[in-house]
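Novice: Below is the structure I would like to discuss, written out as structure tokens.
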Amino acid sequence: MDGSRSCHNNMRRSIRRSLSNTHIAIEVTSKKDQEQYWADRSKPYRYVSVTEFANRFKKFHVGVQLANELSLPFEKSKCHKAALVFSRYSVTKLELFKACWDKEVLLIKRNSFFYIFKTTQIIIVSFFASTVYVRTRKHHRNEDDAFVYNGALSFTLMTNAFNGYPEITLMIARLPVFFKQRDLLLYPAWSFAIPLLVTKLPMTIFETIAWMAMTYYTIGFAPEAGRFFKQMLVVFLIQQMAASLFRLISGVCRTIVVSNTGGMLALMFVVMLAGFTPPRTQIPKWWKWGYWVSPVSYTYSSLVINEMYAPRWMNRLASDNITRLGVAVLEALEVYRNKNWYWVCVGALVGYVILFNVLFTLALTYLNPPAAPQAVLAEDLGDETRSNREMEILGTESQSNSNQGKAMKGMVLPFTPLSMSFDKVNYYVDMPSEMKAQGVPENRLQLLREITGAFRPGVLTALMGVSGAGKTTLMDVLAGRKTGGYIEGDVRISGFPKKQETFARVSGYCEQTDIHSPQITVRESLIYSAFLRLPKEISEQEKMTFVDQVMDLVELDNLKDGLVGLPGITGLSTEQRKRLTIAVELVANPSIIFMDEPTSGLDARAAAIVMRTVRNTVDTGRTVVCTIHQPSIDIFEAFDELLLMKRGGQVIYFGRLGRNSQRIIEYFETIPGIPKIKEKQNPATWMLEVSSVAVEAQLGIDFAEHYKSSSLYQQNKALVHELSKPPPGANDLHFITQYSQTLWGQFKCCLWKQFKTYWRTPEYNLVRLGFTLVAALIVGSIFWGFGTRMKDATELTVILGAMYVAAMFLGVNNCQTAQPVIAIERTIFYRERAAGMYSALPYALAQVIIEIPFVLAQSLYYTLIVYAMIKFKWTAKKFFWAFFVNFSTFLYFTYYGMMAVAISPNVQVAAILASSFYALFNLFSGFYIPRPRIPPWWIWYYWICPIAWTMYGLITSQYGDDEHTIKVAGIEPDPTIKWYLEHHFGYHYDFMGVVAAVLVAFPVFFAFIFGLCIKVLNFQIR
């Protein structure tokens, strides 16, 4: 029963005796259902709570006997031998492995677009890299040239490491299914993890070969074949190591936002302690251990050693004319000067690949899926008198008394009853390529054929048919929810041609998928819908009262303060979400409501609640249409009329059901050869059986043609003709504005909801802010006091690297963590925009504005911590510049992530799309290759690269006016910091005004593209 209490557990025949003293004849315990079963009418009714049922059962002899039996331990010797299981899994280990292997191969084929897109991305990035570094093939004269090659090697490392990042999104999407199958003992974790690793090897090999073929000789690395294959081996191991690391993080974190943050934190940690920024000997002693545990340090060392021990570097002398150039470069980079260290590094990478995959398997074996708390109902009110909010149930046979329900509570706002008529409606889609390949000559596939009918106020109409008959298609066409295809026919609202802009204001559509914002409460969902959809002439007090009444009508008062949550994961149950979906549409006070399978996935009790809500809605004079699939007798006979369709989108019956479905039974039984309905058989099941394609073929009859030749069809044609003419004195639907609220009102409502959502999403904002705090402490502690050490170019480069790595990783984290949140909100946006709640502009603006305070707080404390720990100069001007640049950077990365979602069909593609540009951001940042060394044909991209302007602003604001001298190899006398920044990096202090303007322009541009794509693009295919 409600509250997970046991009220009976025995043979069915004993239940009446168990409940006899409470005057209840069946198990119904709902306050709205119970009174009709009150046996003794001589006594006033009182509500008998679930607690009282449960206590009564415990005292009943059946409950006492059950308690006594359970108190004794079970004797295993009495168990039947066939019930014993001697192995944990039903098949052998080899068969388990083969089954999981076949599943992985199938998933790779089905998800081929993802892998093709990912491979194409790395080929494009390799083309960029090869053409940017192409001039370096002729320059290997001194340390300065070697450092450019070092930049190319570092870029190779970073790009191939980031290439594994989309594994997080893929893995998180698969974990719910894995946990379910694991807990059902379908297979162990190792049989899932090993095929997952091995089946990806061919794709990794192909991507490695593509990268090497595009970059190695084009950039001009050492031309020896052996060094080519040694670098190829390292690139392959980078990709395997990174993918294994990100899979491990997914298996440990188990949610997309936390996994994205954990992945970025791990990647930032291993990169910062890899030995190239800062160099190995300059890493503080408390972080020395990090260098040795970082897999990226071994990757970096192996790449540099392989290149610098080439003859062309070892056969030249350094600037001191004593040391070999290759050795001098290794000394400057503080990489171990030993050829054999390459193989040590390769062995370490192989070890990390094995370690990460073993840990991933252990995580899958022992960790459980994230908890999924469901909504908690309020406690029973015990013997309290039923409050005024309870209403008497309308049974399935109460249609004749429906006029008594006209004054139903919760339907107090005035509305205009409207009818809908449609004549010869056809719907086509483009012919699928698979059917064309089979020889189908037509260019269009017809899904609806000559559909004629009408829906009237106060009449509950069911759309039924076998799967594929076109029920939902017809409802989507009539409701104006189709996003593609070709529609023909005449659709009218109370005699006037239907206009979708105005029709959306007077109609509601309850989708089968129950899409709602997960982080707002039930009551807030209704308030949000009411304030956006009810006319602005209605006062706020009336709207709030109406919301409370609708919430009472659909029995959601006990859940009003519960969060909606994600379907099947957190929050409301399926039945509760279904009632919320109906309530969200009811608070709009519509005249016509469409419901797509409102009882789908519900048990009998939940379906009864939903159908009572539907019936109550109809009895207020509204027009309600429901698609329904194989309903029970009670639910089926709650409908007034039926529109029955057969496969191919044709009508085979449209008319009244009649009492006990008598009319439709008589209609089909008059057809020669149709068997009579059996006693107590469900009319809905019988109707679908006798109208099937098999029966048509057996009897040689076309039910659609039979219907068109019947008198019923002629009556319906007359009805449609009558409803196609406006009543005398009637006016067409007209609204001064497209939406109920002004743009400012829409923006305020959207911002209100976004604030509630963000404030209640700790795994997004709290994790993001926590990541920033940890990252700031890591950056500050690794680069402790570097701001005051400025003796040579190496230390300046270290500071530049610190700023670059911190800005890049924190920005990317903002981008990645925003994407799943925005993807969820976009799905909700599609439903709300189709309902005519608001336009795209206020929604996009609210989504953009709500990020600012969180990013502002993030930037402020990050700048304070890092600025103090690195010990930059404490002047107000320099601190403000650092804060401003960091704020602009974090903001444009966040908006970039939002934009990536807006232009992508799903969050997986958005993750790959965003990561592909991370590589280009890296390449043109000015860190790996300074602007003066970028080829002229690519210099334009440097100027449109956001991170390049961030680097420009960060380093120039701190050191662009510094006149202190530093030592630079090959330059005499010692140049000033300002001169070196201008001539080596191209950073000019008097250019900071332009830098500030551009850093403001990037967030504005990305936010504008986000809003534009949200408005123009629609990836919801219906």
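Using the three backbone atoms N, Cα and C, a Cβ is placed for every residue, glycine included.
Grabbed the feature section from TrEMBL, which reads as follows:
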type     : residues : note
DOMAIN   : 429-673  : domain 'ABC transporter'
TRANSMEM : 113-134  : transmembrane segment
TRANSMEM : 146-163  : transmembrane segment
TRANSMEM : 184-212  : transmembrane segment
TRANSMEM : 232-249  : transmembrane segment
TRANSMEM : 256-277  : transmembrane segment
TRANSMEM : 341-367  : transmembrane segment
TRANSMEM : 766-786  : transmembrane segment
TRANSMEM : 793-812  : transmembrane segment
TRANSMEM : 844-867  : transmembrane segment
TRANSMEM : 879-903  : transmembrane segment
TRANSMEM : 937-955  : transmembrane segment
TRANSMEM : 991-1017 : transmembrane segment
Novice: So which residues does the transmembrane segment (146-163) touch in its own chain, when a touch means Cβ under 8 Å and the partner is 6 or more beyond its ends?
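Specialist: Tertiary neighbours of the transmembrane segment (146-163) are 118, 122, 125, 129, 133, 136, 139-140, 207-208, 211, 215, 219, 221, 235, 238-239, 241-242, 267, 271, 276, 296, 299-300, 303-304, 307-308, 313, 325-326, 329, 332-333, 915, 918-919, 922-923, 927-929, 933.
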Novice: Which sequence-distant residues neighbour the transmembrane segment (184-212)? Criterion: at least 6 residues beyond either end, Cβ under 8 Å.
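Specialist: Cβ under 8 Å, 6 or more out: 88-90, 93, 96-97, 99-101, 103-105, 108, 115, 118-119, 122-123, 126, 156, 159-160, 163, 178, 228, 231-232, 235-236, 239-240, 243-244, 247, 357, 360-362, 364-365.
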Novice: Spell out yes or no: are there three or more C-beta pairs under 8 angstroms between the transmembrane segment (232-249) and the transmembrane segment (991-1017), with each pair 6 or more apart in sequence?
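Specialist: Stretch pair does not touch.
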Novice: Which one, 256-277, 766-786, 937-955, 991-1017, has the most C-beta pairs under 8 Å toward the transmembrane segment (879-903)?
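Specialist: The stretch with the most contacts is 991-1017.
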Novice: Report, as numbers and ranges, which residues of the same chain sit near the transmembrane segment (937-955): CB under 8 Å and 6 or more residues beyond its ends.
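Specialist: The answer is 128, 131-132, 799-800, 803-804, 807-808, 811, 881-882, 884-886, 888-889, 892-893, 896, 920-922, 924-927, 931, 981, 985, 987, 991-992, 995-996, 998-999, 1002.
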Novice: List, by number or range, the same-chain residues at least 6 past the transmembrane segment (256-277) whose CB is under 8 A from its CB atoms?
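Specialist: Non-local partners: 150, 154, 158, 161-162, 165, 168-169, 171-172, 242, 245-246, 249-250, 283, 287, 290-291, 294-297, 299-301, 333-335, 763-764, 767-768, 770-771, 774-775, 778-779, 782, 797-798, 801-802, 804-806, 809, 812-813, 816-817, 819-821, 907.
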